[in-house]
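Below is one structure, written out as structure tokens, with a few remarks after it.
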């Protein structure tokens, strides 16, 4: 692509990273395995080799943390017909196995998360009294630590990527808690009470509502209304049919008009006068949002009696919000951010890292048992992310 002058060297570096530098890393591992292989093709012990080699996989931190920005740039460049034509020719060529470019660029990440699964399988077939058992268990702990570090770095990078994409209509919307965010707990598309699509970001200390906008083929997120600090955030789990998209409450319209999968977020203090009734695409995504928000606000949660006494807030008129231009309107599902996206089997690997509290439909408050679960989740949660 550089020779064809359809991408600059800087753009290619941004998309491909420094992939060539990882080749010697794997060549060394292959050589060590070759030395340990017997004439009959078996390997007596491999644990010591893994213990010495696995920490070097930390070299993938930069590559994995740059993936979101790399994918965004690649998607932008695909709008160029020359790039699009070149990549299509590559897909149609035998060497690509009909896979697109991103399928190859994502291989390092997808392979990394399979190492623990591979080691667990080796351990399962290794007798407990075998000399290699202890080394394999240590190697498993090592790779889980490496993945946790990569996951954390990738999460911080993704968080900063979205912070940089925010646009403010008013300086009063700016909040230091946004600029200093290191973790993006949840983000995705929801509808407000008027049926308009919003894109929400739940950072560790603040909830930001935005409207996606497009300028010069670049995507941004225009901040909508005032960001809500987590310590000032109140969550209400609304029953299906409690409100109708358009603003009418239960009983005013027929059953066909009643909204499903809805919840409300608002300030504790009535002074800002701000409340948002939001609708998810389905009950699954609603549960994801409730789970993440409850985990975020749990340390600041008041007693159920105090929350019950809080006055309800009327939602602000949409007309008070400055108009938005070039709003992009794709259908997106809401997301709980997972720093490393995984297949079903890969999700099993990080289940201990991405723990979430149990949520029951129709309840705004948690039971004592649920609060204890959420407390554990809050302590262990470094970051959750699923692009929905």
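One is the number of the first residue shown, and numbering goes on along the chain from there.
Placed from the backbone N, Cα and C atoms, the Cβ positions cover glycine too.
TrEMBL entries are annotated by machine, without manual review.
What TrEMBL lists as compositional bias 'Basic and acidic residues' is 370-388. Annotation comment: TrEMBL describes 1-153 as domain 'DH'. Annotation source TrEMBL lists domain 'PH' at 183-298. Among the features that TrEMBL reports, region 'Disordered' is placed at 304-334, 351-388.
Across the domain 'PH' (183-298), DSSP assigns 22 helix, 51 strand, 43 coil. The domain 'PH' (183-298) scores a mean pLDDT of 86 in the predicted structure.
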